Structure formats: C-alpha cells, structure tokens
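**Q** Here it is, the structure in full.
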Amino acid sequence: ERRGRRADGGGAFLQGWAGGYPEIVKENELFERYYQELGIVPAGEWDAFMAALREPLPATLRITGYRSHAKEILHCLKEKYFRELQDLEVDGQKVEMPQSLGWYPEELAWHTNLSRKILRKSPQLEKFHQFLVSETECGNISRQEAVSMIPPLLLDVSPHHKILDMCAAPGSKTAQLIEMLHADMNVPFPSGFVIANDVDNKRCYLLVHQAKRLNSPCIMVVNHDASSIPNLQIDVDGRKEILFYDRILCDVPCSGDGTMRKNIDVWKKWTTQNSLQLHGLQLRIATRGVEQLAEGGRMVYSTCSLNPIENEAVIASLLEKSQGALELADVSSELPGLKRMPGITKWKVMLKDGQWFEEWKDVPSNRQTQIRPTMFPVKDEEKLKTMNLERCLRILPHHQNTGGFFVAVLIKKSPMPWNKRQPKVHQKSPQRTGDTEVTAANSGNGSDCIFEEPTLAESEESKKMQELQNLDTEQSKKEGVCGPPPSKKMKLFGFKEDPFVFLSENDPLLLPIQKFYALDPSFPKMNLLTRTQEGKKRQLYMVSKEIRNVLLNNSEKMKVINTGIKVWSRNSDGEQFGCAFRLAQEGIYTLYPFIHARIINVCIEDVKILLTQENPFLSKFSSETQKKVKDMAMGSIVLKYDPDPEKPHDLQCPIVLCGWQGKTSLRAFVPKNERLHYLRMMGVEVFKAKRKEEELENKTEEEVQHRLVETEERMDVEDKEHDLVTKMEAEIGEESSQSPVESSAMEIENKIEDLDQSSKNANTHVSQEGKDMDASNVKD
C-alpha cells in the first residue's frame with residue numbers, strides 16, 4: 001500500500017510507472033459488469049474506456065495564477081524548457097512535448113507523459129525536472145491531477161467571497177481557491193477568506209504545507225468532522241451573527257474508482273460495497289454544506305468516483321429533501337473545451353455478490369442496513385424532471401486522457417426547509433480593506449444586509465452556548481487570546497496547538513517597528529498575532545481582519561491548526577539599530593504596501609548580484625544603489641525591482657526582496673528555491689550552479705555544523721509541522737527534498753558562508769516536493 005502511494009503521487013515531480021509497482025493484473029469482472037449494466041459509457045466506447053483505464057495517467061502541472069509572476073513562468077516554460085525538448089531524442093525515440101489543457105484558462109495547466117525513468121536519461125530533461133521541483137517548492141507550480149482542477153473553477157470565486165473547503169487535505173484545490181482570492185495583487189487583504197477543514201489531524205499538516213507556499217493572510221486550517229462542522233459566529237456591528245459561506249467546496253471521501261490509472265490497487269480491491277458504505281457519509285457532509293451556504297451561494301459537490309450511488313443518488317436525495325431550496329446550476333457553457341457526460345437519471349443498486357435491486361421495496365429486511373432508500377433514483381417522473389440531474393458532469397478517462405470524475409454545482413435559492421431565513425450572498429463589489437479597526441467580517445462586501453436568525457433550535461442552542469462561553473472567554477477575548485478549545489468540548493486527537501495571541505494596540509513592540517519602517521497609518525496592526533502568551537515574542541504573524549473576526553469569536557468551538565503569514569522575525573542583532581524585528585520574505589508582498597521607509601529601488605543587475613552572491617560589498621552595486629544606501633542606517637531593508645517597459649527582454653514583473661544592510665555590504669534574505677526562481681525568470685542559468693553548490697556543501701559540512709550550533713537557537717523552527725511532515729514522508733516512503741530557507745542570523749560583518757545554501761536549516765517552510773494526493777489517497 002505504501003509503495004503504491006509513493007508511485008502514485010509523491011516523490012519526484014513527474015512520476016512514471018517504471019519500477020513503481022509489481023505487475024498487477026488490470027482486470028475486475030465485477031467492475032465491468034456493473035458499469036456496463038449502468039450504461040455510463042456511450043455505446044461503442046466501452047473498449048476505449050477500458051483501454052484508457054489500463055494506461056498510466058499523464059502527469060499534470062498548474063502554474064499558480066494569482067501571482068504577477070505566472071506569465072513570466074509560463075513564458076520561461078514555453079520559450080526555454082519546452083523549446084529545448086522539441087527535437088530531443090532518448091534511446092532513439094522522440095520525446096513527447098508537454099501539452100496545455102485546452103479548457104484551463106490562460107494556458108496555466110499542462111500535462112506530459114514523461115516518466116521518471118526517461119527524466120534520468122537526459123541532461124535536458126533533468127534540468128526541466130529540477131525546474132519543476134524547485135518551482136513547486138516555491139509555490140509557483142502545483143502538481144495536481146487535471147480533473148482535480150475542475151471543482152474550484154466551477155465555484156466561480158471572487159475576492160470578496162467567504163469560502164469553506166469541507167474536506168480539504170492535501171490542499172491542491174485549496175491552493176486554487178487562495179489564488180482566486182488574490183486575483184488582484186494590488187489588494188494585500190481581500191475581504192474574502194478560505195476556511196480549509198479536514199477530519200484527519202495529520203493530513204491537516206499537509207494542508208498547512210500546501211497553503212503556506214502561497215503566503216496568504218486569508219486562509220485558516222481547521223480540524224473537524226465535515227458532517228458536523230460547527231456553526232461559526234462573527235461580530236457584525238457589535239452583534240453576534242452566524243457565519244454563512246458564499247462558496248463551499250464539498251469534495252467528499254469516495255471509493256476512488258476514477259483513480260484506477262494512478263491508484264492501481266483499486267483494480268483488485270474494487271467492489272460495490274465501498275460505495276454503499278460511503279453513501280451515507282457523503283450525504284451527511286453535503287447536507288451540512290448546504291446548511292451553511294448563504295442564500296444565493298454556490299456549492300460544488302465532487303468525487304473521483306464514477307458510481308451513481310456516490311454521485312447522482314446523493315444529489316437527488318439532497319434536492320428532494322431541500323423541497324426547492326436547491327437547484328442544479330447549468331454549467332454547460334463553462335470551461336469550453338472540457339469534454340463531459342451529462343448526469344444519469346436511471347440506475348440500479350448492486351451488492352458485492354452481484355445481486356441487483358431496482359427499487360427500495362425489493363430490498364429484503366436483512367439487507368436494509370447496507371442499502372438505504374436514498375440510494376435509489378426518484379420514481380416520480382415530474383419530480384425527476386425538475387431536478388435536472390443531466391446538469392451534473394461526469395468526466396470519462398478516454399475522452400481527454402484524464403482520470404474519472406464527477407461534479408455537481410448547486411445553487412441555494414432559499415433557506416433549507418428545516419432552517420428559518422438566513423442571509424443572502426452579497427453581490428456588490430468589495431471595499432478595499434486596510435483600516436486599523438476590526439469591523440464586520442462581511443462589511444468588506446459592500447453590503448448593508450442584516451443577517452437573519454438561523455433555525456429556532458440553533459438559536460436556542462446558540463444562546464445557551466453563548467451564555468456559557470461568555471463566562472469563560474470574555475477575559476481572554478479582551479486580551480486577544482484565542483486558545484485551543486477545552487478538551488471537554490473537543491474530543492479531537494493530535495498535537496496540542498499553541499494559542500493565537502493578537503497584539504494589543506499599545507503593545508510596546510509596535511512603536512519601534514512603526515517608526516523604523518515608517519508604517520502607513522492605515523496599517524492594520526490589530527491583525528498582528530503571535531503564538532506565545534508568555535516570554536519573548538519571536539515571530540509576528542498577520543491575518544486579514546475577517547480571519548481575526550472569526551478567530552476571536554470562535555476559539556471555544558473550533559480547533560484551529562494554522563493561520564496567518566509570518567511578517568517579522570526577532571533578530572537580536574537588530575536591537576542596536578533601533579528595531580528588534582527584521583522583515584520576513586514570506587509576508588513581504590502583503591506588508592510592502594504599508595512600508596514607507598528603508599526601501600531601496602534596484603536595477604536588474606543589482607538583483608542578480610543579490611541573488612548570486614552571499615554577502616556582496618556595496619562597491620559591487622550600481623552607483624544609484626550605492627547613493628541610496630549611503631545615508632541609511634544598518635538593519636533590515638526592502639529591495640524593490642520595477643520592470644522597465646522600454647526593455648521588453650528584461651524581466652517584466654516586479655520583485656520585492658527582504659535584505660540586510662551592513663556597514664560595507666548588502667545582502668538578500670531569500671529562501672534558496674525562491675532565489676533560483678527569480679534567477680530563472682531573469683534568464684540566469686542555475687542548473688550548473690546548483691551542482692557547484694552541492695560540492696561546496698560537502699566540502700564545508702563540518703564547518704557549517706559548528707556554525708549551526710550557534711545559529712540554531714535564533715532560527716524560526718515550527719517544530720510540530722516540520723516533525724509531522726517528515727514523519728509522514730517516512731511513513732509513505734516519500735523522498736524529502738531539503739531546501740534551505742531564510743537564516744535568522746545577521747552576522748553580516750563576519751563574511752559568513754551562505755547558510756541558506758549549506759546549513760539546511762528548516763523554518764516554517766517544510767521542504768517537501770509538491771504532492772497531489774487527491775486521487776491516490778482518495779480522501780482516506
């Protein structure tokens with residue numbers, strides 16, 4: 001099982017089949033009999049369908065679309081790496097060129113049949129592979145199966161939407177949602193947010209790792225059973241209101257028979273029993289989802305299964321009990337170029353022994369625990385017609401060389417019958433945030449709508465719970481402390497999380513920071529938090545005001561695993577220069593709009609020097625840069641590159657780097673893979689340079705180890721996440737590619753060798769190749 005998972009989705013970025021599995025016979029008579037009887041494959045296509053299932057799945061990658069660098073990465077891929085592969089032959093066979101997915105917007109998704117074995121045989125291919133791995137670790141490219149990209153696209157997300165991802169791990173779809181929130185990079189704090197949930201505590205940390213690569217202040221990872229995820233409260237103009245979501249992604253656990261091309265254990269393990277066992281859970285999760293959806297909101301239900309018991313049966317049951325509150329959206333005009341089959345309206349239920357049932361009344365009493373009434377199609381033709389089940393999408397593997405998948409898009413027209421009225425989804429454009437006061441989580445939507453009460457039962461429950469909570473939490477809320485929920489209320493296992501402690505407005509830490517960096521008066525300092533209640537605050541994190549609102553009002557009822565991006569790190573050397581905190585590269589794009597001091601504009605040649613030399617002397621930089629730093633005090637700085645439109649061959653996207661100015665030198669503090677990313681975008685060859693770095697690391701290992709002992713205490717190490725991901729990698733047999741990251745030591749004048757390159761010091765970035773376990777893990 002472990003070996004199979006590794007070959008499916010982990011390890012190298014492009015993973016082929018050679019040597020991954022022992023030979024497994026790709027036959028299952030029951031599978032063929034079942035799906036031939038149901039008729040989900042068009043007449044005359046059965047052989048092509050089965051042949052496709054027996055072929056390995058192409059590897060697919062997605063360029064993250066919210067960064068201004070996305071176009072540069074695409075240009076680099078097409079003009080450099082793909083061009084080098086054009087006439088390449090390996091073992092006398094021409095290498096197949098990667099192809100873009102025609103239905104994915106702006107050519108930002110590609111698939112390739114290159115296997116791991118082939119990648120090792122050619123230097124050009126190895127260079128291409130290294131590029132993909134490095135860019136994945138930076139968060140600029142995601143390894144994700146093609147069909148897995150569909151649900152977030154059909155959610156139709158805007159930056160002001162409040163989004164719930166109910167079964168989010170390992171996080172590739174969550175990453176897409178975050179990108180959509182940050183569609184406008186000029187807005188550091190979009191008024192929308194993503195709450196990403198998963199029931200598995202360990203898988204939540206994989207989710208954190210995926211989300212952290214995107215450096216968003218608008219994401220929160222929580223750990224709950226999706227079928228009973230609690231109602232959250234937010235403060236709206238001083239009143240407590242239930243939080244309803246504008247968009248919900250409901251990618252439920254499933255039997256995964258659409259993943260046979262990757263997860264080939266399904267061939268021998270498949271029976272109808274898996275679907276029968278999961279149907280109830282899937283329906284409960286979907287029901288909980290629509291309960292928390294705002295009126296006018298959109299929920300996407302998806303599975304990597306072809307089985308109607310997990311798909312149309314769940315949707316039909318949901319539509320039937322909604323009594324007109326829900327409708328299936330017609331998305332036939334969305335994603336042009338994507339081949340899809342309509343949902344079916346007739347199906348039968350089969351037991352694992354091959355026994356068929358067409359109606360619930362035919363099921364004997366001793367089988368009625370395995371088979372439930374909601375598994376059967378609706379018999380009333382009029383009712384069936386109004387459901388429009390044909391609006392569901394089923395993706396078949398042989399149509400576009402993908403996995404199998406099912407998607408349904410639901411619109412909430414009115415409250416559920418068992419709920420009273422609730423708020424409508426906001427339609428107005430969001431206001432740009434940035435004020436220092438924590439206001440309503442929904443005020444950024446530009447709407448004056450007042451939330452109405454949920455169900456009577458929920459109202460009573462909320463009142464009782466609120467009375468109990470007020471006694472316990474009023475004091476901690478005043479202090480801005482959001483601790484983990486008491487064990488009596490939350491019976492969840494896993495790591496004990498540190499509290500989220502918001503800085504008070506008059507915290508003595510803030511004044512020197514504000515003064516040193518000349519922060520704009522609009523800087524939302526109330527959104528700064530730490531993870532320590534006592535002792536020195538070592539790291540400062542930032543969240544949006546909407547996430548702050550959710551955190552402060554729900555610490556007793558939800559288990560938060562992670563939120564916020566690091567914006568400042570304590571640096572003992574900095575105190576002598578007037579500020580004990582240096583800027584962190586992770587949060588610089590969020591922080592930059594508010595900083596008015598210590599900014600040095602640099603030309604492209606200066607950027608190359610900063611990224612290729614460890615601690616260059618000021619004399620190596622342009623005369624303009626030397627003039628700017630001449631009168632500037634030592635300490636943390638911002639290095640900004642703005643593209644010149646008159647030089648189209650130069651890099652055409654802005655770059656913001658964190659750095660440090662010494663007496664006679666200037667250096668950048670940027671994670672290694674991010675350095676390589678910027679250098680590639682500027683056309684600098686880094687493939688050979690990496691080899692030299694590795695040789696240098698071997699030569700200086702003993703010296704580096706000695707320095708690490710002195711440096712480690714001052715480094716930002718988030719032990720829980722690092723240890724857990726490392727442990728999980730060991731369990732599933734995945735190869736961890738250790739990338740060095742920012743060093744916290746500021747011994748600028750001692751001519752230290754590059755600790756970023758040689759120390760392998762891990763901070764919050766846990767080095768691990770991009771994974772897409774959507775299909776291979778099948779939402780365990």
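Note that Cβ sites are derived from N, Cα and C of the backbone, with glycine treated the same way.
Heads up, here are the entries from TrEMBL:
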ACT_SITE  Cys304  active site, nucleophile
BINDING   Cys167, Ala168, Ala169, Pro170, Gly171, Ser172, Lys173, Asp198, Asp225, Asp251  S-adenosyl-L-methionine binding site
COMPBIAS  758-767  compositional bias 'Polar residues'
COMPBIAS  768-780  compositional bias 'Basic and acidic residues'
DOMAIN    49-413  domain 'SAM-dependent MTase RsmB/NOP-type'
REGION    418-484  region 'Disordered'
REGION    729-780  region 'Disordered'
**Q** Of all the recorded positions given, Cys167, Ala169, Cys304, which has the fewest Cβ neighbours within 10 Å once its own Cβ is left out?
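**A** Ranked by other Cβ atoms within 10 Å, the recorded positions Cys167, Ala169, Cys304 bottom out at Cys167.
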**Q** Out of Gly171, Lys173, Asp225, give me whichever of these binding-site residues has the highest number of other Cβ atoms within 10 Å.
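**A** Answer returned by the neighbour count: Gly171.
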**Q** Quick one: pull the CA-CA distance for Lys173 (S-adenosyl-L-methionine binding site) versus Cys304 (active site, nucleophile), whole Å only.
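**A** The separation of the Cα atoms works out to 13 Å.
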**Q** How many Å separate the Cα atoms of Cys167 (S-adenosyl-L-methionine binding site) and Cys304 (active site, nucleophile)?
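**A** Cys167 (S-adenosyl-L-methionine binding site) and Cys304 (active site, nucleophile) have their Cα atoms 13 Å apart.
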